[in-house]
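Below you'll find the structure, written out as structure tokens, and then a few comments.
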Amino acid sequence: MVCRPVFPCRRRFCPRPFLVGLVVAICLFYQTLTLRGSRKLTAAAPGAVPHTSTETQASRCKKGFSQDKQCFLLSGNAQETRKVKESMETHFGSHGRRAILYRPPFYSKTELQLHQHILTQHGYTVVIAEERLNAGLGPGLLEQGDLGSWDLLICLSSKKAEGTPCISKEVMCQLGLHQKANRLPEIQQPLCRKEGLCQIVRRFPELQLPVSPSVCLDQGMQLKPSTSSHLLKTVKPRVWKPGDWSREQLNETTVLAPHETIFRAEDLSVILKAYVLVTSLTPLRAFIHSTGTVWNPPKKKRFTVKLQTFFETFLRASSPQQAFDIMKEAIGKLLLAAEVFSETSTLGPKTFHRCRFCFQLLTFDIGYGSFMYPVVLQVHEHLNFQDYDNMDFEDQNTEEFLLNDTFNFLFPNESSLSIFSEIFQRLYRSDVFKGENYQKELNQCLSLEEINSIMTFIKELGSLGQFQLLFPSTTPGIQSLMHEFYDVANPVGNPGSVLTQYWSLLNVFEQFQFMNKKTQPHPLEWNSFTEDKNIEKPQVPFDAIENKKAAVPQIKNENKEIHCSDDENTPCHIKQIFTHPHLELNPDFHPKIKDYYCEVPFDVVTVTIGVETPKCLCKVHLYEQAGPSFASYPLGLGMNKISIFVVDESPAHGETLITYKLTIYREDRPSLPLFEAFTACGFVQDCGLLIHPEETCGLQPISSDYIEAILQSELKRCPSGDMKGQWIVPCLSCSDNRTCDWREITWQPHNCQYGVLTKPQLQQCLGGRKILFIGDSTNRGIMYYLIERLNETLQEWQKVHGTKFYHNVNGGKTLISYSYYPQFWISPSLRPTFENALEHLLQRSRPLENTGQTVLVVGGVQWLNSNHLQIIHKVLKRENLLNILVIIKTLGIGFHLPVDGVHFLTQSEVQNLWKENLIILDTAKKHGYEVVDTFTITMGRYKEFLQGKCGCHFHEVVKSKLSKEYNFIKMKRSRNHIMGRYFSNQSKLQQGTVTNFRSPYHVRGPINQVCSEILLSRMCANKRTM
């Protein structure tokens, strides 16, 4: 129950002053007793850390924690290791997982629910706390119940800027050793406020911090040297040299000119939001996520992208790894300056206890202008998107996986004690702790504080996931800066100690890399960058370097800067095409060549394409003539055709149109021919898209007894179309799917079989019947398969998006009608309802018998739900057709790819589809309808989709291979899979399903074939004649 504040204090009449004061005092006393949350934190949970009195906490804030005097000699023996582990658990450990979610007055419900879900998955009991406007979590609120009764505090972000932080420095010093919060006030306040950021820049003008001058101009301040920058050894002007950038270029981009240079969004070619997780201060530890959000101010377009793709493709840096390192150095310099600024600030207590496990996920807004050098525009104290009030599906998906990655990184299950002991022994034996970087020899004896710091760092390195190490940094510029800061003025008052901690972490990092070299050669870098050998060489265009085609597209421009001409006489054509992943175009790109072809392997399911033109009034559109200038495409198996429209909008040419065409062939799964000695392997779900995380994924060995059982001739017929089963494929090894013969794959239900009818049996079963289909393109694919099975040919085909009748099926003995639903291209207010569409189809198909001679097939990829089944029953009852055969084709996999033009489902949303699918199956059976469970069949083969933006099509109607139009690619067509040709005892019957290649058209797609055959078996299982 959420405890609400009581407001009995509002004046209804004019009482005496004494009564007013009494009532006010009662209200204030009540507020000190009540925690506004989803439950009260009044009882300490079992095993909680003993309560600490307010006096002790206040004293701690003034004096700080006394340093732990206990010392451990890590000899490597088991007894010493166990002793260290026990001491660590006593000193820092917690016996439970209890989290407080602090909800500010203006919060996001989506963010709240997301944190609840993620923390619950990590085993936390979640308590929601709220407080009055602008109050924050003060000492009194956190102290209620028991300060030791919780382990984790999460301050949710506020949609509106508030003056009071969620938790202050003064409160942080009262936290127990085991407690952590997602706030670091020491750097949050100076970094995430413009006035604080400006003060940092003014404090250290010699550093030429890469911060936009507009930050200080907004505050009415001038960027003049400050007399308080006494931490540096010298005040001589410095030019920082990240990587191999030229001195001239750095001078142009980093020198501050406050009265002349004002960065505005429209002046920047692109703004990148980089997400940085800070896990410690003094020593500073920080990590950067491999994903960022890009905002294109001129085009007002926002999209999420891997940082690797950003630097390779969108920023067009000649050396992407170097550009990334420069950005990391810029962020690292600012973080280090903020840490030192906080320690030497005159605001607040100068000595206070640090929260050893606290962390903060920051968002850095980084602008890139014409010089392609990073400039920090703003730092946000939480995950930030361009428009929080209008977050789209992509934003919500990005927030979800960023938070998932963050908490998986922070709360790994593995212990790091054993690897810590091994690393430490390696360092000590190699005399690393006695090197020149240390001011005195470091004894092998370490305190718990030192052990905890190094162990936490090792644990972080072992659970990086999508994060990469940002700080401590091996960059010479950053290391030089650390010497500048800490050799002269050490914040903790012990010269050299902070620097010693940094060196120890860097040495640990080096040893960790060495130990993991065999399993992960470059654990903290992008493996795909292959230009490292050329970093030390003068920068030249990559298209001028031999044998570098695999690193970046060959067609890239020589210059990093993008220029276009306003001259009307400049020809309008494509200057270059850039793609991710890199595509080898055939022929090589040339502006005058309009058609290109390339091939990609099976695992490449999407491609991002962008185009550059030399003329400013020459506009490029993908997909269609009004499409975007760059976009992500899904790549179905086989041929994918992409059109690139180039329009000259200059007045002299009157919007002339030029079309370029790109054909991308995506290969089938790598497959080996079937050998005599093979292993039967089965799978239900792919490990790349887990629907049931608790169940196995990928290929699993199948026993010979199981194979013998399903090959028995007396195996019973399946009683329904949703029997549980699995895909079975012969392989040399179930641990390597490249050793399988995927041509022989079959869908096999457990303990039963679906009968595959011969052509005469099927013609007899469907003779005299009317079959009505209503649904989307997935239903249409099954309909075309049925027509081809009955006629052995498909004479006509079109992508029907309305209502169509087929009278020439089965020699005219079977009538088939089809209605496309839903008509998503029509405005919702004008779009026909499902009830209207169904009534229209029934009326157009009359006369209809109220028997099994009339078959209604309803299905769609993801729009169908149980409410539609209620509507079907209502309409059939009204039309006196309750006795007809109704077959429900359930949901299917799709919309799982982040591509332009369609919505994108997160993994959790795809998992929710499974639950909805179960509801549809249950509701259909209650109404007496037949079902075909297409979701279970498609989810394990989600990568095997064919053409279409949705990634949901498992069928394709193609012209016959005899067509002259397809002669040049006939050997590249995907194979026509025969359902269960090897494993099933139906093999002889199934030979009759081989395609008649004299047909003008053919429906291909093995998964659609399986679903269609199950549907046909249900049509003919119990032919109703009532």
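In case you wondered, yes, glycine gets a Cβ from its N, Cα and C as well.
Per Swiss-Prot, the features are as follows:
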{"type": "CARBOHYD", "residues": "Asn251", "note": "N-linked glycosylation site"}
{"type": "CARBOHYD", "residues": "Asn404", "note": "N-linked glycosylation site"}
{"type": "CARBOHYD", "residues": "Asn413", "note": "N-linked glycosylation site"}
{"type": "CARBOHYD", "residues": "Asn737", "note": "N-linked glycosylation site"}
{"type": "CARBOHYD", "residues": "Asn791", "note": "N-linked glycosylation site"}
{"type": "CARBOHYD", "residues": "Asn985", "note": "N-linked glycosylation site"}
{"type": "SIGNAL", "residues": "1-34", "note": "signal peptide"}
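Here the features listed in Swiss-Prot are placed on the structure.
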{"residue": "Asn404", "record": "N-linked glycosylation site", "DSSP class": "helix"}
{"residue": "Asn413", "record": "N-linked glycosylation site", "DSSP class": "coil"}
{"residue": "Asn737", "record": "N-linked glycosylation site", "DSSP class": "helix"}
{"residue": "Asn791", "record": "N-linked glycosylation site", "DSSP class": "helix"}
Request  = Return the single residue from the glycosylation sites list (Asn404, Asn413, Asn737, Asn791) that has the minimum number of other CB atoms within 10 Å.
outcome  = Asn413
Inquiry  = If you compare CA-to-CA distances from Asn791 (N-linked glycosylation site) to each of the glycosylation sites Asn404, Asn413, Asn737, which comes out shortest?
reply    = Asn737
Query = Expressed to the nearest Å, what is the distance separating Asn737 (N-linked glycosylation site) and Asn404 (N-linked glycosylation site) at their Cα atoms?
reply = 29
Request  = Fill in the CA-CA distance, Asn404 (N-linked glycosylation site) to Asn413 (N-linked glycosylation site), as an integer in Å.
outcome  = 15
